[in-house]
Structures are given as C-alpha cells and as structure tokens.
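J.: Here it is, the structure, as structure tokens.
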Amino acid sequence: MTSASAPSFNPGKGPGSAVGIALLGFGTVGTEVMRLMTEYGDELAHRIGGPLEVRGIAVSDISKPREGVAPELLTEDAFALIEREDVDIVVEVIGGIEYPREVVLAALKAGKSVVTANKALVAAHSAELADAAEAANVDLYFEAAVAGAIPVVGPLRRSLAGDQIQSVMGIVNGTTNFILDAMDSTGADYADSLAEATRLGYAEADPTADVEGHDAASKAAILASIAFHTRVTADDVYCEGISNISAADIEAAQQAGHTIKLLAICEKFTNKEGKSAISARVHPTLLPVSHPLASVNKSFNAIFVEAEAAGRLMFYGNGAGGAPTASAVLGDVVGAARNKVHGGRAPGESTYANLPIADFGETTTRYHLDMDVEDRVGVLAELASLFSEQGISLRTIRQEERDDDARLIVVTHSALESDLSRTVELLKAKPVVKAINSVIRLERD
C-alpha cells in the first residue's frame, strides 16, 4: 500500500446531486462515451442516485465540426476545464503518456476522481497516479486500460481479493490475435495477414506497438501489479512480438495439435532462494488446442486466471473498439459517481507484497525449436548430447528429410530460459546446424 496516512472519509454530495463530468478527448472512444451517457442518461441516474452532467469536452482543435455536440461544451484548455468547481470526475481518453500524465495528475490534485482508458499511462506511472489519488482522497479507475469491455481489473481487485492468485495469462491484443488466427485458418504468411488486418481496420497504419508486443506488455504490467500486489511497469515485462512467426511455424503447431497465440503471462513462483517472486512476459506461445485460450479467435481477447481457491477462471469478450471500450469507461464512471453521491472511495492501489520481479532468465517453461541440420548419421545423437550437457531434457524429436538437409523439430521438457538461451547459442556454433528457424515457448493445457 502507499505510505500516505489514511485519508478522511468522503461523506458524498447526497442523493439526487448532479455529478459533473469533464471529458478529455473526443475521438472514437470519447464519442461513444458521450453517446452512451446521453442515450442512457435517465437509466444511469437511477443507478447512481443522481444525474451525470457533462461540463465540458477538451479537444485539440475546437474548430473541427462535431455533430451533436453543443459548441459551448468544447474547449482546448483541458487544465482550465478540470479546475472548474462543478467538475467531479475527469474522463481521460486522449492517448499517449506525457501530456495525459500531466492532465491526470492535475485532476487528482484538484480533488477530481479520474477514469482513464490509457494503458500506456497506467503501466508507466501507476505509482505516481495512485499516490496522488490516495493523497487527494479520490478515485482512480482504469478498467478499460486492460481489455476493453472485458471486466478483469474489478474482479481481480474485489471478487478475488480473498484468494491467492497464482497466474494471469491472456490474449490482450486484438490485432495480433486477428493476424495469428488468419495465418492459422488460411495458411497465409505474416505479411499477407497483417495487410488484411490493416485493410479491415484491425491494425494501425504503424502497427509496431501491437505486433511487437508493446501494447500487450503495458497490459501485462497492470495485470501483474494488481494480481500480485507489487508495482510492475512495462519496463519489467519481457517483450517479444509476432513479426518473426512464419507459415511454417503455424503448420508445425497444427501438426502437433497446437495453435500459436501472443500471450501476456504473469506468474508467481518460488525462486532459487526459496522465496516468492513474480515474472511478467509477452511472447508468441504454443498452446494445446484443448486450452481455453486456444479457441479465442479473430480480434477477441480473453484473460485466464488461476487462483488457489477459485481454480481456473476465464474472462472473454471484445478487447478493443469504440463501443466496447466506452462500456468499460462508463462502468468506471458509474462507480466513481456513486462514490461522489453517496460517499466513500473505491479500493486503491495495494502493493504491500513488494515481491521481487524475476529476471527473464529465471523463467521456466517448455520450448519448441525448429532447425535445419545436416542429414547424416550421428547428428541426432550429437545434438541430443548437447542438450543433455546443458541440463535440458528432450520430450520429443521429429525429423523431416529433404533433398540436401533435414528439418528437426525438438520439444523440450521444462527448462530455465537462461539454460535454453545458452543452448541455442551453442547450437548456432555447431557446423551440423545450418539454421535455427524459430524458438517458441509452450504452455500446458
């Protein structure tokens, strides 16, 4: 928990009181938030105990036409808007990091509760934002920052607060899931599948943040922080994208009864000192087709949680898009508004555990290696001996003969990442190994 002393109880404005909203950003998500608040205003007022009233909308260009919005609501001065006394809740859907950080901190320090959908902001500055919210005795909500419409932050913070979470693993990026699903279902290569995702609007003009795993890493940091009560930033998350996944990798996975997904994996484990530690990583992963996450297709997202008492749980749905994200944002607005009307405050950041964050080399998992090797007697024995010398046990070896060499697909038992990395470097130095085409990690069903 934060070190600040416990703030005084917020008694609330009282039933029937209006709750003033400042909306920062009016793009796809902001427009949908405004539409939902307008369309369902009466219903929301009953659920909250008082009406939501939009006091202003901060935009970058006030001259741009915006259908259905009163011009007097628009402003280019976000800081002046959040300082208004009739604003109770600030909704940040701008995007980016540094400017939103300044605005959100200013809002919290001004005594406004904040709802944000900005995963990059939360992953990079959660500690600073949480401390500011605690000091001002206001709420900081960010359900939409992780998986769009899928409720997972709330369940981890509240519903599973009495349990011991062992792992959180999920498909948290719709763009990469669409691409991998297209490769799996059509046999297309990565470039063609990315082009199709771009054509359909699932991928940005610059897809780097998605396909290289950075977006998923931000979300993994948030999930790990909540699940394990330890501050984790995106810099703590090992990150590897999907741009090197080939059609041959997909075909090999299918032949083995697996599928490839880009997963965010957060785990608590016992390290070599015998103490609890956590790891957070994002990378392409082979999943057995029997695993619940293997059936998550197209641009859908899902988060798979394992807890000591509750067992296995999965949260599934739309992880992106204007309306799904706006749904999660508005859910947070309702929660913050209830506290403004009736008093109280939502649970804040809980980082009492302060567990060490393991180096990626301490990760233990299974591996799938695809190699081109010389096709002659003794090669298999030579390579098997190398794996054994490095302390890595082999689960299966499959060889495909070709005209001038052989394709070797090796699956290991569980091994340390550091041991596997060292072994790969030794394999590259072997004259009998012509190429290492891919190294992909495996998860159990």
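A Cβ is built for glycine as well, from the same backbone N, Cα and C atoms used for every other residue.
Note that the structure is predicted; figures quoted are calculated from it, not measured.
Below, the features straight out of Swiss-Prot:
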BINDING   F26, T28, V29, K119, G321  NADPH binding site
BINDING   V29, A58, G321  NAD(+) binding site
BINDING   V29, K119, G201, E204, G321  NADP(+) binding site
BINDING   E143, V146, G148, I150  Na(+) binding site
BINDING   E204, D215  L-homoserine binding site
ACT_SITE  K219  active site, proton donor
DOMAIN    368-445  domain 'ACT'
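Help me picture these features in the structure, burial and contacts included.
T.: Every protein chain shown contributes to the tally, and the Cβ of K119 (NADPH binding site) ends up with 24 other Cβ atoms within 10 Å. K119 (NADPH binding site) falls within a helical segment according to DSSP.
Long-range Cβ contacts of G321 (NADPH binding site) within its own chain (separation 6+, distance under 8 Å): T28, G148.
Every protein chain considered, the tally of other Cβ atoms within 10 Å of the Cβ of V29 (NADPH binding site) stands at 25. V29 (NADPH binding site) falls within a helical segment according to DSSP.
When Cβ atoms from all protein chains are considered, those within 10 Å of V146 (Na(+) binding site) total 30, not counting its own.
All protein chains shown were included, and the count of other CB atoms within 10 Å of the CB of D215 (L-homoserine binding site) stands at 28.
Cβ neighbours within 10 Å of K219 (active site, proton donor), excluding its own Cβ and spanning all shown chains: 28.
Across the domain 'ACT' (368-445), DSSP assigns 23 helix, 33 strand, 22 coil.
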J.: Across all chains shown, how many C-beta atoms besides its own are within 10 angstroms of the C-beta of F26 (NADPH binding site)?
T.: 21
J.: Please list residues from the chain of E143 (Na(+) binding site) whose Cβ is under 8 angstroms from its Cβ, counting only those at least six apart in sequence.
T.: P151, V152, V153, G154, A328, V329, G331, D332
J.: Near K119 (NADPH binding site), which recorded positions out of A58, D215, K219 have their CA within 10 Å?
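T.: Passing the 10 Å Cα cut: D215, K219.
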J.: Just counting, how many other CB atoms are there within 10 A of the CB of G201 (NADP(+) binding site)?
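T.: Looking across every protein chain shown, the total is 9.
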J.: Based on Cα distances to I150 (Na(+) binding site), point out the closest of the recorded positions F26, V29, A58, G201, K219.
T.: K219
J.: Spatially, which candidate from the recorded positions V29, G201, E204, D215, K219 is nearest to V146 (Na(+) binding site), comparing Cα atoms?
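T.: Result for V146 (Na(+) binding site): the nearest of the recorded positions is K219.
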